[in-house]
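> Features from TrEMBL:
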DOMAIN    1-90  domain 'HIG1'
REGION    107-166  region 'Disordered'
COMPBIAS  107-122  compositional bias 'Basic and acidic residues'
COMPBIAS  130-155  compositional bias 'Polar residues'
Amino acid sequence: MSTETLRVPHGETYQEKALRKFKQQPLVPLGALATTFTLLMAANKLRKRQSKDMNYWLRARVIAQGFTIAAVVAGAWMMGRTKPQIDQSAREQDEMLATLQKRREFEERLKNAEENHRREQEILNAPPSEGSSTPEVRDINAQSPQLPQTSSTWNPLRWYKGSNSK
């Protein structure tokens, strides 16, 4: 059976997954290999009936297992501790960038408002010219233009009957 047929549900082979896990926590597989080696040595000594050496390798196995468990716990602690810190740092950076963007937008709006206010003040404080007013200056008291006079009766069907009907 090829390695292409043996795939983990997420699309990587078992070898790729093992390599990825080894890169994440290199001490755990080393501890597992050390435990396996000591256990095989203890089994070999048992088969040869060398009980003193077998006990030595069984003690070494316990130490290797302890090292492996310590590596698993330390790796989990480091990964669990680092992930929230990275997330928190990313959130803080995003908030800072959003705040800076809002500040830039506010400063731009403020600059535009100050420029418009300055122009309005220039127009209002400008001396009146001889007999004509500038297009920007409008008399506040001037009346709005009158709408064209229409017939006094309103006919909602006028559009249907034609524009000349009353």
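Cβ coordinates are placed from backbone N, Cα and C, and glycine is handled just like the others.
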> State the mean pLDDT for the domain 'HIG1' (1-90).
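Taking every residue in the domain 'HIG1' (1-90) and averaging pLDDT yields 85.
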> Run through the compositional bias 'Basic and acidic residues' (107-122) and tell me, per DSSP, how many residues are helix, strand and coil.
16 helix, 0 strand, 0 coil
> Would you list the DSSP helix, strand and coil counts for the residues of the domain 'HIG1' (1-90)?
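Tallied per class, the domain 'HIG1' (1-90) gives 72 helix, 2 strand, 16 coil.
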